[in-house]
């Protein structure tokens, strides 16, 4: 990743340094630019409005999951259940509507189911003292199982209120709008609220946070509840796009969400991470998938490429931190 | 002394820059066989940079390193090892879950046909232990040993690879008096065997006891080389660059009403039926051996840990048990034993760290008052003279003394009236120590109360108005500042341990 090419020909020394600092603080952004340029060179179909909106829609579900995951990772936890919880939320919404309830109620109930599932993981982690890896691994299985039980393994049809999430407003796909709203909320909560600032302390050093009087257990439980809520919303968007809730939807999405957060510069040991980084991380993944599709690369090889990209992105980040 | 006319190790005019910062310039140091060379200087004086040069972590930019009179380059820790240099760092390099024998032979485990040769391993390990006269069970897991014995195991491990030059980086920081005596016995044996040693310590009283000569560094530069018998005030003057008239500048204000009242506090296996009170303007010292229950008591009072029975009250209002936030709201401020693992979020900024206790109380609804947090961080770092470039810099980049002041700053901002201080000057250099003592004075002069636990007896004696001695989880004696001496405190602390023991 050369920074030379983007530097103006005769820059003042300080502005060059400032640019260097900006680039090293925003490694993920540089990565995104590189990937976009590479895809544009490889196929002219990439940089069209239609395709870019397509990338946005493809990124949406993972991005929303990843915003929720950002809270968890900043607080030094991990949430493996988000994919299953998204599916459970969607199927629950479908089931409620199937019982004759209004569609709007389904739209509200789905995310609430996600919130509840996340809260259970959070309580098990904060008060049951299970490692979050284990608590959410259990929830991954429980939520997927309940999804199959509720749906009987059959897709649930979605009411108009939820299918609307797959439509467009003023030409912009609704999943993109939902993603932007969730991004703004996440950035705001992490940067500006007492809750958000406290998470960085909890993730950076839980004991120091506790001895300063922060309510570490409540914060921990809340973080997983939030992640569950985000997963519920992602589930609605996914079901809206497909106009149906698939019991096998979003399998493995937790890994993409974690990858997006980590590519965005968060540390799995906690105390670091930003909503902006996560958004960029999700876009990097979506751009690569989309580009490889345009280039007719088989989905089998796509998995290989994505894995290498994750290793590369985090590897570069580790090196960057070591040298700075 | 050996017959060799050259020192084992000699550094001539070495210097090192990191970016724009000069960490070390033109420093000389020589280590002779059978000699303990003490390296003295405040935090940030360049001791660790110098040690890292010898250990092969950093290469000097200028100057030269000679071993046995021949110039060498030490570019890696492996190089250092091959020159017979071993370093015992403050953070020990042992694997707690492996046995003593496995740890000592780690990296060169004897094997036959790819299988561990257990008998060979035990033999090697036993030889290493014998060499320093240490007797521990070879099969015991290292993590189950006390910190002092772990350190001795590490020394045994270092010497078993034929080290001739041993660097001990603050080896006594975490040890009790008896453990230090045990360490010094080993150091003396090694001296007799002709090992050359570099010894770093913040405890001036240890220098005369164990050292031969002292190299003093200040601000990255060589100041002087003096005999270890140099009187302490002179050593301080060399180290700090000015004379400190009073190491313990305690000024006693008039006492007010009782502010902290602890009644019958008990916690099974930790402390038993502890009652005490601290008045406005008063510093009460908690003395006792390691394991006497001082830290546990302070943690229980602050709400960090739960307790079984008893009450804690601040200004007549009872503090709910095991609730740090409630304690903070009532005016308790706890400076924990280990600032790195309990006091600070090292990767977070100074402004965040001083602001954690006040994040909620200054918030507008759910919104954090970020501008106010920054303004208050500026104020408090000026008030406490925390030396920093920017309140946004990570607290990790500050020196130990300034890090500790950040923890104090948190409670200054929170308006804490009662400070519970646990080893407040551990790992802090002399200059910063005096500044922390002045902070204690400022707290009591403003009508606050301080409960001060420390294993540095001179500190307890010098800064307290009244001293409570703990042993085996109980308060076994109370002495006024005037009647307390090291001997009177120690005889209380030791005697009771023999007669009453919790468990």
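Heads up, the Cβ atoms here are built off N, Cα and C, so glycines get one too.
For A:22-43 (among others), the entry in TrEMBL reads transmembrane segment. For the transmembrane segment (A:22-43), the list of distant contacts is 1, 3, 263-265, 277, 280-281, 283-284, 287-288, 290-291, 294-295, 313, 316-317, 320, 324: same-chain residues at least six beyond its ends, Cβ to Cβ under 8 Å.
Per TrEMBL, transmembrane segment is recorded for A:55-73 (among others). Outside the transmembrane segment (A:55-73) by six or more residues, the chain places 79, 82-83, 86, 118, 132, 173, 175-176, 178-179, 182-183, 185-186, 189-190, 199, 203, 223-224, 226-231, 233-234, 237-238, 241, 250, 253-254, 256-258, 260-262, 264, 266-268, 270, 273-275, 278-279, 281-283, 285-287, 289-290 with a CB less than 8 A from a CB of the stretch.
If you look at the transmembrane segment (A:80-98), the same-chain residues 6 or more away from its ends with a CB under 8 A from one of its CBs are 61, 65, 68-69, 105-107, 109-111, 113-114, 117-118, 121, 133, 136-137, 139-144, 146-147, 150-151, 156-159, 162, 227-228, 230-232, 234-236, 238-239, 244-254, 257. TrEMBL lists A:80-98 (among others) with the feature transmembrane segment.
Residues or ranges marked as transmembrane segment in TrEMBL: A:104-123 (among others).
For the transmembrane segment (A:130-150), the list of distant contacts is 72, 77-81, 83-85, 87-88, 91-92, 95, 117, 120-121, 124, 224, 247, 251, 254: same-chain residues at least six beyond its ends, Cβ to Cβ under 8 Å. The annotation transmembrane segment is assigned in TrEMBL to A:130-150 (among others).
The transmembrane segment annotation in TrEMBL covers A:170-190 (among others).
Per TrEMBL, transmembrane segment is recorded for A:219-238 (among others).
Taken from TrEMBL, the feature transmembrane segment covers A:300-319 (among others). Remote same-chain residues near the transmembrane segment (A:300-319) are listed as 1, 27-28, 31, 259, 262-263, 265, 281, 284-285, 288-289, 292-293 (criterion: CB distance under 8 Å, separation of at least six residues from the stretch ends).
Sequence-remote contacts of a segment are chain residues at least 6 beyond its ends whose Cβ falls under 8 Å from one of its Cβ atoms, and for the transmembrane segment (A:104-123) they are 68, 79, 81, 85-86, 88-90, 92-94, 96-97, 132, 135-136, 138-139, 142-143, 158-159, 161-162, 220-233, 235-236, 239.
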